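Noted in TrEMBL for the protein shown:
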BINDING   G166, R167, S168, I232  NADP(+) binding site
DOMAIN    6-121  domain 'Tetrahydrofolate dehydrogenase/cyclohydrolase catalytic'
DOMAIN    140-288  domain 'Tetrahydrofolate dehydrogenase/cyclohydrolase NAD(P)-binding'
Amino acid sequence: MTAQIIDGKAFAATVREKVAGHVARLKEENGITPGLAVVLVGEDPASQVYVRSKGKQTVEVGMNSYEHKLDVETSEADLLALIDQLNNDPQVHGILVQLPLPSHLNEDLVINSIDPAKDVDGFHISNVGLLGTGQKSMVPCTPLGCLMMLRDHHGSLSGMDAVVIGRSNIVGKPMAQLLLGDSCTVTIAHSRTKDLPDVVRRADIVVAAVGRPEMVPGDWIKEGATVIDVGINRIDAPEKGEGKTRLVGDVHFESAAARAGAITPVPGGVGPMTIACLLANTVTACCRANGLAEPDGLTA
Ligand code: NAD
């Protein structure tokens, strides 16, 4: 079998189009422009790139983008004061604090100071609890993107065996909750799992979120399974020239594609969906804040 490639770049473009359409309607019919505030503390180069592209895409779908760049030495009190101001600003419907924060700042405290209704990253403890109990919440963007791609490919996921490799709070755990919410039989595998190959071989759906380059070989994949590769790993690529690198996922793409029914590539799979889902969450938060109907197909 040769797997169907799930094109995350194209799918993310359709999500952004839907968001842009809804934003246009909100402006025209309700006089409301959704707004996303992104807070960056310090000058971590990767975070700067993410924040820039979040801001750019926010504006491209017609929303307001508010960027707050704070000095690396910013005190916790000053950061909390800014979040309080954003919580109370009616123009701001979504707040995202770019992680990781410098080590003198308590990440849990900061995230839990965001109004849960504006917590478009879905990391606030209230949103974690709401998701875990199957209630309406803000859903973390990367797992939401994975769910959208799975629903788009399969329609119903009910009764499927899903294995999530990785148990982080930002990907693995919320991904497992979402799959459970769609009535999959879910196994969460992690670094202490016994006989991981055997566990993965049972799966109709494999979501790999580990951060280890190509650790899942094709012969762990059940024939016809759907493979969602969340991993983004930069490895040396001497074949491209001296000092060159390339991105690979947590799954060995070629061998897995030879067995899977469908697979996401890296790059161009899950990655582009994450910011698209951030925009989707912002428009959802804006609708909820204004008592308006939420757009279809942009939430869990
Ligand atoms: P993390 O380091 O927080 O968690 C990794 C998880 O993998 C842990 O729960 C650990 O138990 C598990 N693990 C480690 N070694 C293992 C092993 N040998 N076998 C089985 N499980 C093992 O990472 P994360 O934040 O969840 O991110 C995972 C990957 O996804 C990274 O490559 C990251 O860059 C990528 N990521 C991509 C996006 C995106 O937008 N596409 C977003 C977030 C994370």
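Each residue, glycine too, has its Cβ placed from N, Cα and C.
Since we're looking at a predicted model, the values are computed, not measured.
Over all protein chains present, the Cβ of R167 (NADP(+) binding site) has 18 other Cβ atoms lying within 10 Å. For the NADP(+) site, whose binding residues are given in the record as G166, R167, S168, I232, the maximum C-alpha distance rounds to 16 Å.
When other Cβ atoms within 10 Å of the Cβ of I232 (NADP(+) binding site) are tallied across all protein chains shown, the result is 16. Taking the binding-site residues G166, S168 in turn and counting surrounding C-beta atoms within 10 angstroms, the largest count is reached at G166. Per-class residue totals from DSSP over the domain 'Tetrahydrofolate dehydrogenase/cyclohydrolase NAD(P)-binding' (140-288), listed helix then strand then coil: 60 helix, 30 strand, 59 coil.
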